[in-house]
Structures are given as C-alpha cells and as structure tokens.
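Notes follow once the structure below has been shown.
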Amino acid sequence: MAAALSLRAPFSLRAVAPPAPRVALAPAALSLAAAKQVRGARLRAQATYKVKLVTPEGEVELEVPDDVYILDQAEEEGIDLPYSCRAGSCSSCAGKLVSGEIDQSDQSFLDDDQMEAGWVLTCHAYPKSDIVIETHKEEELTA
C-alpha cells in the first residue's frame, strides 16, 4: 500500500527506524529532501530555514534545520564564527538578530531584556523562521 505526502513549507523528511536497508535521499524542489524507508518507517517533518550571516568579511547564506544550532551548521559548512564555551554561558559567539525568529532557550548568559533587544548566542540558537544575524558582536554586547 502506498501513501502520498505533500508539504508546502520548507520541510524535509527523516526516516526514523531500527537499522534496516534504506533508500537514499532524493532531492526535491526548494532544496527539500524526502526519505523513504522500506520497513517500519516513522517520518517526522523537519523545517529548514535560510540563515543569512552578516560577518565583517561579508554576507553568507546557509540552510539550517530547526533542530541544529546556527554555529554548528556554520562550522559544518566551513564558515568561521567566533565561539568559546559552546555552552551558552559566555558572549564570544554573540550576534544581533536583524530579522526573523530564533529559539535560544538553552542558553543561560543573556537576560530577557537582551534577548528582546535582539541579542543572540549562535552556539545555542535554533532558527524558527528565515533569519538575518549580524555576527562578531561580543564587544557591542559587553560595552
């Protein structure tokens, strides 16, 4: 029995199952991927967002899944961003959110006022929409 699934937002599908033969991921429109598992599949829709990083060297865009920290994805793609603790408890990776929404509930350094003002720690920030972040902002945050 075959089933069809149609998504109209920036989603990708992941197959989650016990080890079993898998069919390779196939690219689809808008950089989406669909995975098909032969047996025992449980599929979970995962949003992927466009993240524009404005660095002192220029702008770079990447796609970041909603369950991956922005710093981790940037490193995966060879983008050099500042960091120190990677625990959300310092300001080395501080940036300023220009547009969009993020979830940084895992961090412990920024207070509510700083987060409302747009400050972000890229080491503990998940995208929740397409976003623009100015990076390398530790000095401005701590001034």
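Glycine is treated like the rest: Cβ placed from N, Cα and C.
Using a 10 Å radius centred on the Cβ of C85 ([2Fe-2S] cluster binding site) and all shown protein chains, the other Cβ atoms total 14. As annotated by Swiss-Prot, [2Fe-2S] cluster binding site applies to C85, C90, C93, C123.
Annotation comment: Swiss-Prot describes 49-139 as domain '2Fe-2S ferredoxin-type', evidence class sequence analysis. Residues in the domain '2Fe-2S ferredoxin-type' (49-139) partition by DSSP class (helix H, G, I; strand E, B; coil) as 17 helix, 32 strand, 42 coil.
Residues annotated as transit peptide in Swiss-Prot: 1-46.
Taking the Cβ of C93 ([2Fe-2S] cluster binding site) as centre and 10 Å as the limit, one finds 28 other Cβ atoms among all the protein chains shown. Over all protein chains present, the Cβ of C90 ([2Fe-2S] cluster binding site) has 17 other Cβ atoms lying within 10 Å.
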